[in-house]
Amino acid sequence: MTNHFPVDRKLFDDVMVPNYAPSAVIPVRGKGSRVWDQQDREFIDFAGGIAVNCLGHCHPALVGALKDQADKIWHLSNVMTNEPALRLAKKIVDHTFADKVYFANSGAEANEAALKLARRWALDVHGAGKTQIIAFNQGFHGRTFFTVTVGGQKAYSDGFGPKPGDIDHVDYNDLEALKAIMSDKTCAVMIEPLQGEGGLVSPTQEFIEGVRELCDQHNALLIFDEVQTGVGRTGDLYAYMGVNVVPDILTTAKALGGGFPIGAMITTTELAKHLKIGTHGSTYGGNPLGCAVAEAAFDTVNTPEVLNGVKEKAKRYVAGLNAINAKYNVFKEIRGKGLLIGAVLTEQYQGKAKDFLNAALEEGVMTLVAGANIIRFAPSLVIPDTDIDEGLARFEKAVAKLAK
Ligand SMILES: *Cc1c(COP(=O)(O)O)cnc(C)c1O
């Protein structure tokens, strides 16, 4: 195909809704943890498309599954089921607490399904009035109106008129605050078992266990949003396994498709039965093409080699970042879990995370931020050690420039 117009960053401003501010770099191809842009400049990818590309770019297992399914059947709608969806659901059920799976296309949609299920369950089982949903300040659950309202950032949910009601927020890791607003009117608590967008905040063991106990005490459902932490990111298949607290409903997306859009809400048989025929749905959810790719991603990640590799590679990152910090003293803390790592800037560099991201890009390494003060790393779970080392060397050059 030939174009009669230049396809460049300026075209974004001409034709795209201005809700994003993308970089000037336009990547055109990737292989493993390396990416090349239109000018053939090479980048090491420590961003992973925001914790999505769990197996890097163009992993042979994913490309194979995509091409194989592409020659068979792409889409059917939910008037019929399909083999890839059934196989993927069976594998998820076999390897988690859940008995049942609902497929969506994104994290927000998986969370939307989780919240609607919780409300429907409460109405069916406990009658009207048990509608309170509690979530946490700085939490992130997606951008549909229900999920963004449950998310804990007013900047994202304000300005769109009346919001879905009976949603409350308390501080993460503040068990007393949660206890104080919970009652038998609480329908569900939605929580990330490690806050991602909110700044790579891990729950204390006491807190996460306490949340489970309070839910049991008040007959409320515990919903784990594992859209960012799921599918190997923290070194466990799901983060709930690492904290040893089992939710009633769990959502998974991002890494689930390894770059192909898919999400899922998983739960028990007892709860699933409340989403009976006609109560919820999606045209594309459980699409054969998406499920075929996700099945390959799930199979590839869910091995002791890859999951143990995440823990080993995480140590290498943290050691590398600490070594950089020993020279330049720019971070006050390195935190997170597995290959979801946050480098928290010191007081001197408050608000400058984006400057570090931009400087790193100049040096040929793609990173992320989590708010204005944290540089976030969410690379491929199978990134070669040599790419970690080379990427950190490039990142160090960026830090050296800014630390001057
Ligand atoms: C990214 C994210 C979402 C939203 O997922 P989308 O696919 O963008 O809708 C929800 N929850 C968490 C924890 C996330 O990190």
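Placement of Cβ uses the backbone N, Cα and C atoms for every residue, glycine included.
Heads up, TrEMBL stuff is auto-annotated, nobody curated it.
Owing to the predicted nature of the structure, the values given are computational and were not obtained by experimental measurement.
Binding site for pyridoxal 5'-phosphate per TrEMBL: GLY107, ALA108, ASP225, GLU226, VAL227, GLN228, THR283, plus PHE140 from the candidate set PHE140, PHE207, PHE260, PHE298. Each of the recorded positions ARG143, LYS254 was scored by other CB atoms within 10 A of its CB, and the lowest score goes to ARG143. Spacing of SER282 (N(2)-acetyl-L-ornithine binding site) relative to ALA108 (pyridoxal 5'-phosphate binding site) is 13 Å (Cα to Cα, whole number). With a cut-off of under 6 Å between the Cβ and any atom of ligand 1, the binding-site residues GLU226, SER282, THR283 reduce to an empty set. Here ASP225 (pyridoxal 5'-phosphate binding site) comes close to GLY107, ASN111, ALA114, GLY139, HIS141, MET190, ILE191, GLU192, THR251: these same-chain residues lie at least six apart in sequence, with C-beta atoms under 8 angstroms from its C-beta.
Checking each of the binding-site residues PHE140, ARG143, GLU226, GLN228 against LYS254 (N6-(pyridoxal phosphate)lysine) by C-alpha distance, the shortest gap belongs to GLN228.
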